[in-house]
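The block underneath contains the structure these notes are about, expressed in structure tokens.
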Amino acid sequence: CAADAGPGNGNQSRIIYPCSDYYINIHEWLHTLGGAHVQQGPIRNSYISVNYDDITPSLQYSYNAYYWTSTSYNSVNYFFDPASVLMYDAGTWSRNSLETYTPIRDDIFQPNFSPSTDDVNFLELNQVFQCN
């Protein structure tokens, strides 16, 4: 299953069948609502170092940082939530079983964490849909 991030031109990809994992389903639905990956946020370099040599080449784009403007659909550029369902784990898309990113700030990464309920995602969606 997969979904494009954001509303696009009004035609959004849909999840045709459920994913096998509850959190992946939430992850994909948040994409359809405009949510973006945490590891692609503009402040991610303050928290992680991406190991591009360890990422499957055709999927390296999934780790590119985006620097959104305040008028873009995803301008919540001041949150970094490593427990977000929109944050890949360090093994996602690894080409060699090594970590695809390394934490810079170990104090915010907890071993064996469960995804958060994610107030950050709801704040982001409030901005996407211009809620007060």
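One-based numbering along the chain as shown.
Using the three backbone atoms N, Cα and C, a Cβ is placed for every residue, glycine included.
Quick look at what TrEMBL lists:
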type	residues	note
DOMAIN	1-132	domain 'Peptidase M12A'
BINDING	H27, H31, H37	Zn(2+) binding site
ACT_SITE	E28	active site
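Known features from TrEMBL, placed on the structure.
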residue	record	Cβ within 10 Å
H27	Zn(2+) binding site	23
E28	active site	22
H31	Zn(2+) binding site	20
H37	Zn(2+) binding site	22
Residue pair E28 (active site), H37 (Zn(2+) binding site) - Cα distance, angstrom, rounded: 10
Confidence summary (mean pLDDT) of the domain 'Peptidase M12A' (1-132): 76
